[in-house]
Amino acid sequence: MNLHEYQAKQLFARYGLPAPVGYACTTPREAEEAASKIGAGPWVVKCQVHAGGRGKAGGVKVVNSKEDIRAFAENWLGKRLVTYQTDANGQPVNQILVEAATDIAKELYLGAVVDRSSRRVVFMASTEGGVEIEKVAEETPHLIHKVALDPLTGPMPYQGRELAFKLGLEGKLVQQFTKIFMGLATIFLERDLALIEINPLVITKQGDLICLDGKLGADGNALFRQPDLREMRDQSQEDPREAQAAQWELNYVALDGNIGCMVNGAGLAMGTMDIVKLHGGEPANFLDVGGGATKERVTEAFKIILSDDKVKAVLVNIFGGIVRCDLIADGIIGAVAEVGVNVPVVVRLEGNNAEVGAKKLADSGLNIIAAKGLTDAAQQVVAAVEGK
């Protein structure tokens, strides 16, 4: 779950980290009033969406008058911002952030993620602030400096100083950087985050460090113990199908193809998408119904998949372990009948009571194709899309 920039900065303030004074606004009038609260300009106005690349898309602007602030707010509030990180529809702009402009001398980068290979929280710092860190990692990886947090001791001040020295910082900037490093690490661990990023972390012309931007990603599996973060969730920024799937504990990710996929198990779901592509098809989604593939969840999964107008066929791939395939077949038959599926449905069942389940599908009289194996399922669903 991602947070908006203004929400990230509110969290920074609670932990004593330096950030520009700013206010999130939902109307042009609020935006003008925010400028008055901040004081003399110039100000920076920023569209609040869960996507990068806002500046290049016109969603960030430095302004010198309250009239310009009102014009920016009137232009963007209620509209959608399209960036290189969004789809063609963009993201809705429901708030803009008005904050004091900062005199920038130098831009740095500081962020942290959970590194699965080392099984540690890893902090990354670079002198290449203001640039996508993925681009820096690809083109100039030697400019990214890393430290890993020990899960027993947690963050240590010497690690912050180590990064500061590698960035070429001196004097009070080393102390300021170390404080920010320790604060971010504390936020990351206490708030169950999956990602934290300040890009850019700037050195002002007055010689101080300030968090000019903020990006936080919370671990969705830990939100039950982070009620205040859960309240910050903005579902308008999420794919509505993904939000609907989450309510039914379905793992759904929309893709660009035309073959809907419904599978139990994340690994099997990825393998299913691979074999569909191997046979010339394009998956329309990743959807893992999990171990409890009940009729109700299967029905809901069909509704979500078919809400995508691009879907021309559906492949259901179920491995029956604890769950019996004949019960899954009953669920599929009931779901197809209830939802009114008008596209071909190819079903591959394997495991516990698979033969009984396949017979039920064959005898149902519905437009359901029972596949004999995974390869056969992929070939049949691709052929169905091609009208063969």
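Using N, Cα and C of the backbone, Cβ positions are placed for all residues, glycine too.
Same-site candidate for substrate binding, as annotated by Swiss-Prot with Gly321, Ile322, Val323, chosen from Asn251, Asn258, Asn264: Asn264. With a 10 A radius on its CB, Lys46 (ATP binding site) counts 24 other CB atoms from all the protein chains.
With Val323 (substrate binding site) as the anchor, the candidate binding-site residues are Lys46, Arg54, Glu99, Thr102, Glu107, and the one with the nearest CA is Arg54.
Of all the binding-site residues listed here (Thr102, Asn199, Asn264), the one with the fewest other CB atoms within 10 A of its own CB is Thr102. Nearest to Asn264 (substrate binding site) in space, judged by Cα atoms and limited to the binding-site residues Arg54, Gly55, Glu99, Glu107, Asp213, is Arg54. Cα-Cα distance from Arg54 (ATP binding site) to Asp213 (Mg(2+) binding site): 12 Å (rounded to the nearest whole number).
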